[in-house]
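Trainee: The structure under discussion is supplied below as structure tokens; questions concerning it will follow.
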């Protein structure tokens, strides 16, 4: 995004209304991320910060994903979430914790991470990110839903599964 001439800046360039509104969680994941980054607030350009609201249905997930340009710090406002991330190769250790209302967890930049509602309520979390444009790569979508598709032969070898399984997964995305 191109920087605006500071003399032309208005209050609305630094404002967003709507984080109090629950996101539409009627989807296969049972969650909704409402971003507030440079696309919503032009005044965030070059400031290195953004925020999201995440809503969950009972047992909903924010599926494994990564932010290539940001560390994330998540705070649970309501409910209980099981959260975690995977360390980098070669260890690929899973670091997890169950968070209650008011608790905070950090997902280091670039690491695959997730959240899952482990209750019957509708949790809400707020996460701050260390970039005005953190990006997001949802792992399943990227691997099985790329356009054009990654060759089934590549994925069968990478995942050590039958080609029919790869084709089945690709058809879902």
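Any Cβ shown, glycine's included, is placed from N, Cα and C.
Caution: TrEMBL annotation is automatic and unverified by curators.
Bear in mind that the values here come from a model prediction, so they are computed numbers and not experimental data.
Here's the feature list from TrEMBL:
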BINDING   62, 67, 72  oxalate binding site
BINDING   65, 67, 72, 113  Mn(2+) binding site
DOMAIN    17-167  domain 'Cupin type-1'
Trainee: Which chain-mates of residue 113 (Mn(2+) binding site) that are at least 6 residues away have a CB under 8 A from its CB, listed by sequence?
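Mentor: Correct list: 64, 65, 66, 72, 83, 84, 85, 86, 107.
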Trainee: Using a 10 Å radius around each Cβ and counting other Cβ atoms from all shown chains, which of the binding-site residues 65, 67 yields the largest count?
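Mentor: Of the binding-site residues 65, 67, the most buried by Cβ count within 10 Å is 67.
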Trainee: Using a 10 Å cut-off, grab the number of neighbouring Cβ atoms around the Cβ of residue 72 (oxalate binding site), all chains included.
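Mentor: The Cβ of residue 72 (oxalate binding site) has 24 Cβ neighbours within 10 Å.
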Trainee: Using the centroid of the Cβ atoms of 65, 67, 72, 113 as reference, list every other same-chain residue with Cβ within 8 Å of it (recorded Mn(2+) site), in sequence order.
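Mentor: Filtered neighbour residues, in order: 66, 70, 85, 107, 111, 112, 134, 136.
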Trainee: Give the sequence-ordered set of same-chain residues, not counting 62, 67, 72, with Cβ within 8 Å of the centre of the Cβ atoms defining the oxalate site.
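Mentor: Other same-chain residues with Cβ inside the cutoff are 52, 65, 66, 70, 74, 107, 113, 127, 129, 134, 136.
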